[in-house]
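According to TrEMBL, the features are:
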SIGNAL    1-25  signal peptide
TRANSMEM  276-298  transmembrane segment
TRANSMEM  340-366  transmembrane segment
TRANSMEM  372-391  transmembrane segment
TRANSMEM  412-433  transmembrane segment
TRANSMEM  445-468  transmembrane segment
TRANSMEM  499-523  transmembrane segment
TRANSMEM  529-556  transmembrane segment
TRANSMEM  568-587  transmembrane segment
TRANSMEM  599-627  transmembrane segment
Amino acid sequence: MAGRCFHVAWIFFSLFYLFFLPSHCFYLPGVAPEDFKTGDPLLVKVNKITSTKTQLPYSYYSLPYCQPDHIVDSAENLGEVLRGDRIENSPYTFIMRESRMCNVVCRKVLDKKATKAFKEKIDDEYRVNMILDNLPLVVPIRRPDVENAVVYQHGFHVGLKGKYAGSKEEKHFINNHLAFTVKFHKDPLAETARIVGFEVKPFSVKHEYEGEWNAKTRLTTCDPHAKRAVTSSESPQEVEEKEIIFTYDVEFQESDIKWASRWDTYLLMADDQIHWFSIVNSLMIVLFLSAMVAMIMLRTLYRDISKYNRLETQEEAQEESGWKLVHGDVFRPPTNFDLLCVYVGTGVQFFGMILVTMIFALLGFLSPSNRGGLMTAMLLLWVFMGLFAGYSSARLYKMFKGANWKSITLKTAIKFPATVFAIFFGLNALIWGQKSSGAVPFGTMFALVLLWFGISVPLVFVGSYIGFKKPVKEDPVKTNKIPRQVPDQPWYLHPAFSILIGGILPFGAVFIELFFILTSIWLHQFYYIFGFLFIVFIILVVTCAEITVVLCYFQLCSEDYQWWWRSYLTSGSSALYLFLYAAFYFFTKLEITKLVSGMLYFGYMLIVSYAFFVLTGTIGFYACFWFTRLIYSSVKID
């Protein structure tokens with residue numbers, strides 16, 4: 001049955017890959033294009049307002065903007081809720097392919113509270129996000145360094161600060177006029193069209209009118225009948241306890257961009273050369289380490305094994321030195337081996353989650369058009385990978401001759417998630433205190449706990465039961481009853497020094513790509529270069545494995561057989577450098593000034609660094625485990 005399922009899955013993925021191979025871009029099944037006829041209504045939705053200065057998203061209607069008669073929340077997936085997305089309907093309605101000018105949305109008279117709210121959001125450089133046909137709103141900005149090149153910024157600023165000519169006092173101005181451009185691609189065989197672009201140019205305009213305000217009042221500053229359009233912010237609208245009139249234009253433009261390629265402009269990379277430099281830099285590290293490993297494996301080990309296997313007399317055997325000398329202790333269980341089993345199991349769970357997520361992303365399943373899809377996929381994969389976590393921790397625990405497999409299973413299922421959940425809960429309380437939409441609701445929190453205890457924990461127990469039932473592989477050599485004393489080690493093989501040195505190269509292999517990942521998370525940009533990321537991930541795995549094997553060999557040659565924890569910590573120490581780099585990024589690239597926002601940043605980066613430690617540590621451990629079993633099974637030991 002399992003074999004049949006595997007074949008069906010393989011055929012499905014093969015057909016899927018072959019079918020979509022010729023296209024540049026494809027989308028998650030279910031995100032189908034929508035065709036619009038001339039005159040069809042287009043509904044603009046509003047999303048959260050965001051700021052890179054505070055990292056605290058808020059609902060659009062937390063500010064006193066114009067509201068529709070009834071505010072309707074769109075259904076959101078788990079990933080969207082965790083990201084702080086709050087998608088709602090808006091009073092902006094367009095008619096397909098009917099350009100309109102100077103539409104009045106509403107007139108608002110601000111009170112003291114509303115004025116303060118707008119000024120605070122302008123101070124913190126908040127941006128308004130909108131959605132049309134699943135496309136996010138962007139502001140096109142011309143690049144001065146490249147001719148005819150345009151970069152897109154997500155959302156438009158709530159407003160800006162400035163001074164009147166001849167005045168020293170800084171004032172707050174609100175963007176109350178929006179000039180929308182909707183780009184569409186016409187179907188040559190039908191009368192329908194598909195939306196392929198949604199852009200805006202915001203303006204601040206102090207609208208004027210004659211007489212008393214009513215539903216039929218015509219503006220003198222923006223009049224479609226007189227063909228007087230808003231083209232600049234020469235007479236801006238100041239944020240004060242007075243009236244503000246919100247208006248918009250909408251223009252429809254035909255475009256050559258096809259629907260399948262409409263996200264390409266959003267995801268266009270202006271810095272792909274840096275990514276290639278990152279790959280080359282990482283490959284150089286891998287080649288250097290591979291050369292060292294090859295030298296150890298082919299030359300040194302071959303010579304050592306040949307020499308050890310030629311030893312015939314008792315006198316020669318007594319004079320043996322190097323890594324063979326510790327054969328009676330090399331597979332002795334380490335101190336706190338139960339904790340090591342827990343961390344190795346969690347690392348396997350992480351490795352499986354990241355690998356499958358990468359494959360899904362490469363196949364196009366996690367397109368940015370599927371908002372929150374990446375986070376939802378990672379959470380669900382983490383839950384289902386609990387099966388492999390339980391299996392691997394139980395297998396290792398049984399090899400150490402542990403008997404209480406239920407205890408180790410429970411620790412594997414709870415230790416890492418409980419630590420992360422505690423930090424996450426604390427950060428969420430801070431966000432609640434700021435009344436931000438980024439705070440995870442109680443219902444979602446309950447759903448996360450249900451996923452953890454209802455699915456993940458039972459799967460860890462199932463995997464652990466299977467792993468503990470399987471027979472253990474015998475060690476290549478027998479372990480002595482009395483442990484030998486470890487001789488004094490040279491300074492460069494001191495545990496603290498070698499562990500810290502071991503983490504530098506794995507971090508060096510990924511730190512350039514790490515910059516782009518941090519930028520996408522904290523500066524609200526799209527990250528969709530999973531091809532580069534997958535190559536960097538493979539390089540990271542190889543680097544972690546090779547540096548651990550090299551340092552493990554040097555350690556065994558100096559007759560130190562306590563390699564179990566050392567192998568885990570050697571590659572795992574790269575997480576320390578990741579956290580230090582995150583601190584460097586915070587102080588050099590971000591403009592966060594609020595204490596709560598800084599605590600959020602370092603809290604989330606602590607979780608990321610902890611996860612990175614578990615992942616890289618497990619990779620290093622298994623590489624060293626395979627290496628020691630290989631070399632000790634190759635020598636004759638009486």
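Quick reminder: no glycine exception, Cβ is built from N, Cα and C everywhere.
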Note: vs the transmembrane segment (276-298), the recorded stretch with the largest number of Cβ pairs under 8 Å from 372-391, 412-433, 499-523, 568-587 is 499-523
Same-chain residues at least 6 beyond the ends of the transmembrane segment (372-391) with CB under 8 Å of its CB atoms are 28, 76-83, 85, 345-346, 348-350, 352-353, 356-357, 360-361, 365-366, 409, 412-413, 448, 451-452, 455-457, 459-467
Intrachain residues whose Cβ lies under 8 Å of the transmembrane segment (529-556), provided they are six or more past its termini: 269, 272, 275, 278-279, 282-283, 285-286, 289-290, 292-293, 296, 300, 322-323, 326, 330, 354-355, 358, 361-362, 366, 493, 498, 501-502, 505-506, 509-510, 513, 516-517, 563, 566-567, 570-571, 574, 616, 619-624, 627-628
Cβ under 8 Å, sequence separation of at least 6 from the ends of the transmembrane segment (412-433): give me the contacting residues as numbers and ranges. 56, 341-342, 345-346, 386, 389-390, 393, 439-440, 445, 448-449, 452, 456-457, 460-461, 464, 596, 599-600, 603-604, 606-607, 610-611, 614
